[in-house]
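Colleague: Input: one structure, supplied below.
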Amino acid sequence: MMKRCFSILPQNVRFSSKFTSLNLPKLDLADFIDSNKRGINVLPSYRDETASTTQATNSKELRLLSKTLQGQSYRDQLELNPDVSKAINNNIMAVHIPNNLRRVATNYYKEIQEPNSLHRPCRTKMEVDAHIASIFLQNYGSIFQSLKELQKRVGPDNFKPQRILDVGYGPATGIVALNDILGPNYRPDLKDAVILGNAEMQERAKIILSRQLNEVVDTVEENVSTEKEQETDRRNKNFQEDEHIGEVMTKKINIMTNLRSSIPASKEYDLIILTHQLLHDGNQFPIQVDENIEHYLNILAPGGHIVIIERGNPMGFEIIARARQITLRPENFPDEFGKIPRPWSRGVTVRGKKDAELGNISSNYFLKVIAPCPHQRKCPLQVGNPNFYTHKEGKDLKFCNFQKSIKRPKFSIELKKGKLLATSWDGSQGNASRLKGTGRRNGRDYEILNYSYLIFERSHKDENTLKEIKKLRNENVNGKYDIGSLGDDTQNSWPRIINDPVKRKGHVMMDLCAPSGELEKWTVSRSFSKQIYHDARKSKKGDLWASAAKTQIKGLGDLNVKKFHKLEKERIKQLKKEERQKARKAMESYNELEDSLQFDDHQFSNFEVMKKLSTFHGNDFLQHVNRK
């Protein structure tokens, strides 16, 4: 053993000539000896050529530039906490006949596949459990990935919120994800979870949260057991959980999170997580979005963050874009670049006011966007109306969303067995026609999340911070960011990759949302830089890009929104015409009914005849009869 270890002593290591001129720090052999394993660790942590520690956690990351590594989004495949997964499988799913859950989940999937559909609260106990079996995993992964992005941008040491509010239709999904990110020792001052819908969802939240260590009440940190005792306790606990399959008496479960059914109006929170909560009625867009975002911003504490999660479809993106527009007011700052915190006007119309006057509207409330936007100018993809995407001409409209892979736990795999939720696939690629079938394609145990998100940060309201914001705005220190700019060359304004990079032999093409406020297309070739080319081939959608490129051009022309406004007016006109025709037919049927009742003998009563006619003409006929 010792012979093998000492075969890699420093004097036997040959250095390249390019390193001989470097002033390497003097390394002592004792620094590399592990006294427990009696061996030698040549490099105990990943270091660069000067033996300085880096952010890399493996050899692949070590090859990347430090800026590239800093701009990467969370890479690991997401996976639900095994204890939570086991509790869902044993204590929630096990009490139902599987096909009953599949049938309810199938109906809900069909419902949300309709154009511009929205998530809604669960109405029955069966819908509650079907939601957990089908939708919970998607929401968990979307929130987890968004919170990891927030944690990376503000720094792990600065991401320790003490007052948290989670609002959603699920079993406190945001709290579950936050607990997994910050670990078992995370015990903040306040955690509120607002669960809208059927009261049974709160009972399910108790079961799920009780499987996380940081939800245990009255833990005694002083009397810490030995490692062997902890291992024994853990095995006994797992054995007991494996034995118990069925319903749980939730009244005896105590957790740290406060479960609520109403949204607070007076408290302040350091972190607010909103999952599908800005719009509940598609016909109320955008008024309802404005009202809801205003309410939640009013309870956001100085220095706090608000995380908005929506579906990764056109409706979800337009909700996000509207919340961004009403908060940042980019139309009032046409000449401003960078991420100078913007004054929140609380719904007051400020069009036409000068920048100096805007600070007086709300002198101590300023907001800036953390992610995913690298700028605070008008969103280049926003069209302002989700209905535009339903037109034939609107199918080519692009929108901003992100994807992430998450491993399916046992309950999710079991749910999607059988014919109800099986996905047909033909295996037409290559010579794979023999693989034609249904179910989980190739037996894969993961699914792809599809979501849109937005993260705001409220600035502190101390005097020094407010003076600094005013100074930055008055001096306009950032100037103008042209096409191809990296902004201030920090992660605050690096361009973000919004489509999967196109990787070809010798070059990589990337679509970026850039600090210039435009969509740009950058091309990185091997001849430009081997290191940057290597990093570009490792990039993914959702990353920040921190290096230059060989070619940088504007990627998308200005949207012709006027054309879609005209199409939308024609669509509304056609809908009104159809409604008038339907009402006219109902009127004619009613008149015929009156005539027949006056001159003919019928075996049906008036009410029965009207009821029969209503089956042909719908509610419009009954409404007309009531008006009559």
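Just so you know, glycine gets a Cβ as well, placed from its N, Cα and C.
The transit peptide annotation in Swiss-Prot covers 1-15. Taken from Swiss-Prot, the feature [4Fe-4S] cluster binding site covers CYS373, CYS379, CYS400, CYS513, and the record attributes it to experimental evidence.
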Colleague: Around the [4Fe-4S] cluster site formed by CYS373, CYS379, CYS400, CYS513, which additional residues qualify by having Cβ within 8 Å of the site's Cβ center?
Modeller: ALA321, ARG324, PRO372, PRO374, HIS375, PRO380, LEU381, ARG496, ILE498
Colleague: Ten-angstrom check, please: count other Cβ atoms within 10 Å of the Cβ of CYS379 ([4Fe-4S] cluster binding site), all chains counted.
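Modeller: A 10 Å sphere around the Cβ of CYS379 ([4Fe-4S] cluster binding site) contains 23 other Cβ atoms.
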Colleague: Using DSSP reduced to three states, classify CYS513 ([4Fe-4S] cluster binding site) as helix, strand or coil.
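Modeller: CYS513 ([4Fe-4S] cluster binding site) sits in a strand per DSSP.
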Colleague: DSSP on CYS373 ([4Fe-4S] cluster binding site), three-state: which is it?
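Modeller: Once the DSSP labels are grouped into three classes, CYS373 ([4Fe-4S] cluster binding site) ends up as coil.
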